[in-house]
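K.L.:
I'd like to ask you about the structure that follows.
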Amino acid sequence: MSGLPESFAAIEGVEPARLELDGVSKSYGETTVLDRVSLTVARGEFVALVGPSGCGKSTLLKMVAGLEFPDAGHVRIAGTDVTDVRAADRDVAMVLQSYALYPHLTARQNLALPLVMRRLTGRQRLPFVGRFLPGTRAQLAAIGADVEKAGRALKIDHLLDRKPAAMSGGQRQRVALGRAMVRDPRLFLMDEPLSNLDASLRVHTRAEIVDLHKALGATTVYVTHDQEEALGMADRVAILHRGRLLQVASPEIVYRDPSRIEVASFIGSPSIGLIEAVIDDRGRAIVFDRPIAEGFAAQAGATVRVGIRPEHLRIGGHDDAILPARLDRTEFLGADALAHLRLPDGAPIVAKATPEIYRGFVPGPVGLAWNAADLLVFDAAGDRLRPRFDAATVTAERAHV
Amino acid sequence: MSDHALALPALPAVAPRRRVDHDDRAALSLVGPIAVLMLLLLLAPTAAMIALSLTDAELGASTITFVGLDAYRDVLGDRTFLISAKNTALYVAIVTPASVGLGLGFALLIEAGTELRGFFRSAYFLPVVSLITAMATVWQYLMHPAIGPINLLLHVVGLPSINWLGSSDNVLGSLALIGIWQQTGFDMVLFLAGLGAIDRTLYDAAEIDGARSAVDRFRLVTWPMLGPTLLFVVTITMINAVKVFETVMTLTQGGPAKASEVLLWTIYQEGFVFLHLGTASAMAVIFVAVLLVLIVFQTRVMDRRVHYG
Ligand SMILES: Nc1ncnc2c1ncn2[C@@H]1O[C@H](COP(=O)(O)OP(=O)(O)O)[C@@H](O)[C@H]1O
Ligand SMILES: [Mg+2]
């Protein structure tokens, strides 16, 4: 949209770089922030790094940028080990979480800065004197042209002579984006670039960033705590939880086939319903004395957690019900509606459907039903338990591995 | 206050009158006490000083006559006052850049180093909290021409000894040295606070943008972000320097040969030694006026350059 790809076609992209993180760990004193994280991002790929606040996303991204250094493990960019190379020498572009624009410089100067730093020598950058050294003028003119081009592409050309204080949050965000992309990065890092924007601007800018990535082709690592953003934008999603990388897969796989209970809970909104069950001697999961799923190899008596996505939960009469429940209330959300329910032990669970389906529902006793194939079951340690002999899941598993 | 009350009826009556009156009274009762205090403690003495400067008042004399601007003419033609003004200007011109520069330098060093940070912080702040009159005696000893450790040290390295406070060529420089020693620690602490308030992520951005050297980072982030602090430090330092008095009072008494005659010392002599209240007041008015011009210049003109918000 918005003519972005066309404007960027003129900028000859640098070869996008492949990024490899190999067993990267980091602790601050006693607290382990990152625990043996390994991740490979292919050339030109868009990977979203997602996880709850404080799980170590920014720390990991800074490690890729060269602003933090790992205690153990290696970082390789385009095949070169850069573990101990500082940021200024890594040639990586990054949009910082708070944008970090230089408040005393105009947008134009902010955009020009990375180019000035890289294309001019130390002597050429001297105040007053530098201007008269051979080549400075030509370089500055080229930089000015590049800044104008980036400004037009991001539609901030009319803001170029303003200082950050005179801009809205959205405009600042674009300037920060511009400062990162103006130098044709081979690796593009973004730390929650949309988290300071209001909801409608966020959806709009999301699409623009995806277009930008398509046009530039740069390898991109995009950090967000918003799972919806990650699913919607990325080629692959990497889920970080308490410093450990739990799963890296396409948005569809992490949603449909999570490998850990934390992934299942974090991805999807409203989040997945979890019911505690016990495996009986025939491999069935038992809740409130009723079998709700079967075919598990787990030991009899083992506790498992059975996950049901809200859209897989059907509300019906008592006859075909797998579990009895109570409907507390329904919630109209426009295209969707939610039903807030309680299980016999009082635990809340949410169902989602189109509003027509819940029309006329009144609070009171109901029955819950689902397709066994839709259940996601996890053992006590949080690892995924897959029913034996289930052809569909086995295929999915193979595709994933 | 009364101006505001008088202006009210002229305003378009948008809000109900009673409400406005009520708010007004609340505002008055809140501002009132401090306004009265300011009137009594700041404005009244200033007004009295201005009034006195227009008379020939002398302590002990039985009559006071209004002489208009005569006192000012006398003062501006007075050799001692002019020497005093020149000396003060010179003192300020030495002490301000030196202590601001040193303060910034020390602050940057302390900020960069991790160990001993606390020690240096208190060591350099010591002059600020120590009583300057007491420390002046120490300086007198240090700078003593015969037994002073500084001259002894010079002797050891084979340099000629210097008559620090006793020679009219050196005395202002020596006082300035003490002034710098006094002010540097204070400036440093202010700069440390300013450095601490700089957004760390700007340094991350600078690093990503390719600022490799400490000089690059300083030019790109530290210096511009320190602007408001610098303005404040320079203002405070200048005001403190203009007000130099204690060292002159305890060490040199303005001498030798008026070589360390400074404004506050001259005013003090005129008013409390010669008891010429009228002349002393005129000098004080000129002194305050110069100070005000300095402050207004710095806050109005410089402020626009250092605040980016
Ligand atoms: N410089 C630091 N010193 C100590 N702890 C830190 C430092 N930086 C980050 N942390 C801690 O590391 C954890 C992860 O931080 P961060 O990477 O910023 O999380 P996220 O970006 O995912 O919200 C947090 O618990 C934070 O308190
Ligand atoms: Mg973060």
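Note that Cβ sites are derived from N, Cα and C of the backbone, with glycine treated the same way.
Pulled these features from TrEMBL for this protein:
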- B:85-298: domain 'ABC transmembrane type-1' (DOMAIN)
- B:27-52: transmembrane segment (TRANSMEM)
- B:89-110: transmembrane segment (TRANSMEM)
- B:122-142: transmembrane segment (TRANSMEM)
- B:220-242: transmembrane segment (TRANSMEM)
- B:273-297: transmembrane segment (TRANSMEM)
K.L.:
Report, as numbers and ranges, every residue of the chain located at least six residues beyond the transmembrane segment (B:220-242) whose Cβ falls under 8 Å of a Cβ in that stretch; write 'none' if there are none.
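P.N.:
Here the qualifying positions are 88, 91-92, 95-96, 99-100, 103-104, 108, 179, 183, 186-187, 190-191, 193-195, 197-199, 202-203, 206, 209, 211, 263, 287, 290-291, 294-295, 298-299, 302-303, 305-308.
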K.L.:
Hey, which bits of the same chain come close to the transmembrane segment (B:122-142), Cβ under 8 Å, at least six residues off its ends?
P.N.:
106, 148-150, 165, 178, 181-186, 188-189, 246-247, 249-251
K.L.:
Excluding the flanking five residues on each side, which residues at least 6 beyond the ends of the transmembrane segment (B:273-297) place their CB within less than 8 Å of a CB in that stretch?
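P.N.:
Distal contacts: 46, 49-50, 52-60, 67, 71-72, 74-76, 81, 235, 238-239, 242, 263-264, 266-267.
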